[in-house]
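Only one structure is covered here, and it is reproduced in the block below.
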Amino acid sequence: MNRPATAVACLLTIICFALGQALQSSDGRLEPGAFRWLLVALLAGAVTLWGARRIAPEVFATIQGFLVIVAVLWEVVQQFFRSPGANVSGSLVPFFAGIVVMAVTFLVGQVSGDRQQRATPFIVSGVFLLLGVWLFHVSPAPDIDVFVFQTESADALMHGQNPYALRFRDIYSGRAQYDARALYGDGLSVNGVLQFGFPYLPWSLLLTTPSQLVFGDYRYTQLFAVVFTAGVAMWLRPGRNAVLAGALLLFSPRVFFVLEQGWTEPLVVALLAAVVLTHEKRPSLTPWVFGLLLAAKQYTVFMLPLAWLLLTDEQRNVKGALIFLAKAAVPAVLVTLPFVLWNPGEFWFSVVELQTLQPFRDDSLSVMAKLARVTGHAPASWWAFVAATAVLGLSLWRLPRGSAGFLIAVTVTYLAFFATSKQAFANYYFLVIGAAALAVAALGRGTWRWRGV
C-alpha cells in the first residue's frame, strides 16, 4: 500500500476496533462506555472520508501494522472476559481452547515465512468453524424473537406455507416489565401473538432454509457466511495485511454473540464480500451478485447508488450504469417476486409497512437514543436518512472507484445511518465491522487517491 492507503487502512482498523469495544461493553445497547466508543468510530469515519489527507499520511503509516496487531491481540484477550453468547450453558473450556489455538496460529503466521503464513487462514477459519458448531450445541435455542422468526419461517417454507402469512408467538409476553408497544409498536402484539409474518426479505430465508433442513438450525448458514467473509478478506489480495483484516473480523469481541442470536447481518456481509470478490476476479458477474446483495435486507437500498463505484471504465456512462442495474435487478426480482405474488398484502405489511411502525428505542446504541435520554424527546426518524444520504453523496464525490472505495462508502454510510437511526443494536454494527474489515483487505497492496477537493 502507498502511504495514503495505509492511512485509510489505519482509520478503518480504528472503526472495527471501536465498534467491537462498543459491542463488548453493552452487546449493542446504549451505555456510557459503549457510546464513547461509538463516537470514536464516528470520528474515525469522518476523518476517513474528509480529513485524512489533511493529516500527514506518515502519521498513520508508522503505526498501521502495529495498531492492527495490537487491536487483534486485545480482541483475543477479551474473548476470555465474557461468555461468547447470552444463552450458553455448560463449560466454556472448549471455547477458550479454540481461541488459544486461533491466536497462536495467527501469531505464528505473523512472524513466520510465506509457507506458514499461507496456512494461517485455513487453520484459523477451520477452528472458528468448529467453535461455531460448539456454540450452536450449547445454545440451541437463544431467547430472542429473531430465532423464532427464522426457524418457524424456514419450517413453514419447507412445508409449502407462506412465511409472510404466519403469525408468531410473542416470546416475551407475560414477562415482568414487558411493554409490547415499546418493543414492537402499537397493536403488533395481541394476546401473546404477533400480528405480522416474516419481517425480512425472502432471499435471506432462502439462504437459511437449507441449513434448517440439513442441520435443524438455520444459523449454520450464518456461520458459513462469516467464515466465507473472512476467507475473502484473507485471500483477496494475499499478504499480512489481508490476514490481519480477516482476523479483525474473526476475533471481533461479540462475533459469536451475533452468531448465537441468529441475526441476518452475517448474510449481508457475506454477500458484500461476494460482490467484491467478483469485482476483483470476475467483473462480468458483479452486477448479478450485487442484485442478490440488494435483495438481502431492506436497508441495502443505500447501496444502490454506491454501485457507481463498482463500474468499470467502460461502464462509467449512463448506458453502462443502466445495463449494470438492469442485470442486478434480474436476480433481485427472481428471489423476491414469487413471495410478493404469493400474498401481496401480507408481504407488503411484513416487509415494508412494519418497518414504519417500529417504535423509537431509547436503548439503541445511537446518537439519537442518547439525545432522547438527555432531552426527553425522541428525534424524528428521518434524520437517519438525511445523515445517510449526505454521507453517501460525499462518498461518491470523494472516494475512488473500485472495490476499496465501494467498501469504504458502505462502511461510513451505514455507520452514519445506524448511529442516527431509531433502532441500532449489535447486529447492525456487525455489518459496519464486516465492511470495514473487507475494506482493509481490499486496500491490500494497492494505491489510493482521494477525489474531490
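Cβ coordinates come from backbone N, Cα and C, glycine included.
Annotation comment: TrEMBL describes 34-52 (among others) as transmembrane segment.
Sequence annotations record features per position, and here TrEMBL assigns transmembrane segment to 59-77 (among others).
The transmembrane segment annotation in TrEMBL covers 89-108 (among others).
Long-range contacts of the transmembrane segment (120-137) within the same chain: residues 84-85, 88, 94-95, 98-99, 101-102, 105-106, 108-109, 217, 219-220, 223-224, 226-227, 230-231, 234-235, 243, 246-247, 250, 256, 259-260, each at least 6 residues beyond the stretch ends and with a Cβ under 8 Å from a Cβ of the stretch. Sequence annotations record features per position, and here TrEMBL assigns transmembrane segment to 120-137 (among others).
What TrEMBL lists as transmembrane segment is 218-236 (among others).
Taken from TrEMBL, the feature transmembrane segment covers 288-310 (among others).
Taken from TrEMBL, the feature transmembrane segment covers 322-342 (among others).
Taken from TrEMBL, the feature transmembrane segment covers 380-397 (among others).
As annotated by TrEMBL, transmembrane segment applies to 404-420 (among others).
If you look up TrEMBL, you'll see 426-444 (among others) marked as transmembrane segment.
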- prompt: At an 8 Å Cβ cut-off, counting only pairs 6 or more apart in sequence, do the transmembrane segment (380-397) and the transmembrane segment (218-236) clear the bar of 3 or more pairs?
  reply: no
Task: For the transmembrane segment (34-52) and the transmembrane segment (288-310), decide whether they are in contact, meaning at least 3 CB pairs lie under 8 A, counting pairs 6 or more apart in sequence.
output: no
Field: Remote residues contacting the transmembrane segment (404-420) - C-beta distance under 8 A, at least 6 residues beyond either end
entry: 5, 8, 12, 15, 38, 41-42, 45, 48-49, 272, 275-276, 279, 299, 302-303, 306, 309-310, 366-368, 383-388, 390-392, 395-396, 428-429, 431-432, 435-436, 438-439, 442-443, 446, 448
Message: Given a Cβ distance threshold of under 8 angstroms, which distant residues of the chain, six or more beyond its ends, lie next to the transmembrane segment (218-236)?
response: 120-121, 124-125, 128-129, 132-133, 136, 150-151, 154, 207-212, 242-243, 245-246, 249-250, 255, 258-260, 262-264, 266-267, 269-270, 272-274, 276-277, 280, 434, 437-438, 440-442, 444
